[in-house]
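Enquirer: Swiss-Prot lists 4-268 with the feature domain 'Pyruvate carboxyltransferase'. If you look up Swiss-Prot, you'll see D13, H203, H205, N239 marked as Mn(2+) binding site. If you look up Swiss-Prot, you'll see 392-513 marked as region 'Regulatory domain', on the strength of sequence analysis.
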Amino acid sequence: MRRIKIFDTTLRDGEQSPGASMSVEEKVEMALMLEDLGVDLIEAGFPVSSPVQFEAVKRVAEAVQRPIVVGLARCVEKDIDAAYEALKDRPKDKRMIHVFIATSPIHRKYKLRMEKEEILERVRKYVTYARQFFDLVEFSAEDASRTEVPFLIEVYRTAIESGATTINVPDTVGYALPDEFGELIRTLKEGVPGIENVDLSVHCHNDLGLAVANSIAAVQNGATQVEVTLNGIGERAGNCALEEFVMALKVRKDRLPYETGIRTELIYPASRLLTHITGLIPARNKPIVGENVFLHESGIHQDGVLKHRETYEIMKPSDIGRSSETLVLGRHSGKHALRKKLESYGIKLDDETFQKVFEKFTELADRKKEVYDDDLFSIVSEVLKEPLNGYRLVHFHVHTGNTLLPTAAVVLQVGNEKKEAAETGNGPVDAIFKAIDKALGLQPKLEEYIIQAVGTGKNAQGEVKLTLKIDGELYSGRGVSTDIVEASAIAYINAINKYLIAKGLLRKNGGVE
């Protein structure tokens, strides 16, 4: 099985996505995650462009051990010098320079104002210059997919003769179709002298939504390296998404006999870290990492998944490091899904009682987009005429400031029982979580925390979704409020209540067993 190198450019091309800029420290944190994920190369930045970019490349090169660290440079002497200065302390076999120049007619005429001969001379001069400092040199012909093929062959021949160890074929504006891009790669593979001695890389943009398809077509026609970003972030519509490309190979290995070094179980944690750093939340229906990917609301789909997951799922959530909660209850849900959801919390009802619960559930589902677990607990409590909601937040107080140690106090109540506690923390949200832990005598581990706005303007609310690990199992919670700390506390208590209910730890008259 042929191995495909994964060249990750999240920290360089991905960061060029509007709103995705990262500090030096954030780039280092992300680079360490990418190393754990198993990427082969990390393009850390464009050293000549600013002191911050230079420092980021240098710091990433110092932080990671296994991957090759790459610095970008134009075919300009000062760019190459800056890349060398940023990477010179890294072992020669673990550092690479990526030099590029545009080659398409529109770029030659309007951007560079150069003739073909001038382009070839620059390639020859600056790839040769780069090889004085780097054993590993990648050369890219920017806008390759819109460049005349005979000229493109000549450009890559010149780059290889001048010492390039990787040639990269960018579909810079996402213009190519899979069949023509695959044909281009095959033509280059057959027509460029010496290409068999170097890596053949592709860098596809997603302007027509074809970045992953084009990358797969390239691999099928001889490419040995694919350039990607996490969550597909990047210029304009983004780049080939690491998670989509890798999982396509994994899921369809019957037709795609290629492997990568990616630890797929770390894909979702890596995606969440990037979201946390940049604030860019993937669309709910984003393949692989979107919130809806493993969720089913249709009753027919839910029934099928409950009987056998592969009826409607081509991969397991655990394959990418996600929890296995898959049922979203709404107006399309049926009895099977509702009963399964209740049983997951230890709530077993006889047929007559369940029918009453189901009728109230369908009434509520017709009025709401989604029925949450708290809604279910309220319905069951109403039908059974006994409390099932667990703890609620009666009162909280947070004391914080830029010169103060954040402190939170909470009052929680279930039935007739109240519990109070106060704690300090690393910020107001952390403080209130610790106060809740202290009040309930629990030590959950926060696995995931997502916050997003609901609505706009001064009346916008914050929605917090989080996941806790308690006794080795995962429990999700949701909270909404105009106050982010309150929304966080509600979500935290919501997740804990699910644990208490599932384990049968809530007494009917209130309190914990």
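From the backbone N, Cα and C atoms, a Cβ is placed for every residue, glycine too.
Let's see these features in context: how buried, what's close, how far.
Expert: Averaged across the domain 'Pyruvate carboxyltransferase' (4-268), the predicted model reaches a pLDDT of 97.
Around D13 (Mn(2+) binding site), the same-chain residues at least 6 positions away in sequence with a Cβ under 8 Å from its Cβ are E43, H203, E227, T229, G234, E235, N239.
The region 'Regulatory domain' (392-513): residue composition by secondary structure is 35 helix, 60 strand, 27 coil, according to DSSP.
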Enquirer: Are there residues of the same chain, six or more positions away from H205 (Mn(2+) binding site), whose CB falls under 8 angstroms from its CB, and which are they?
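Expert: Those within reach of H205 (Mn(2+) binding site), by Cβ under 8 Å and sequence separation of 6 or more, are P170, D171, T172, V173, G174, A211, G234, E235, R236, A237, G238, N239, C240.
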Enquirer: Give the three-state DSSP assignment (helix, strand or coil) for N239 (Mn(2+) binding site).
Expert: strand
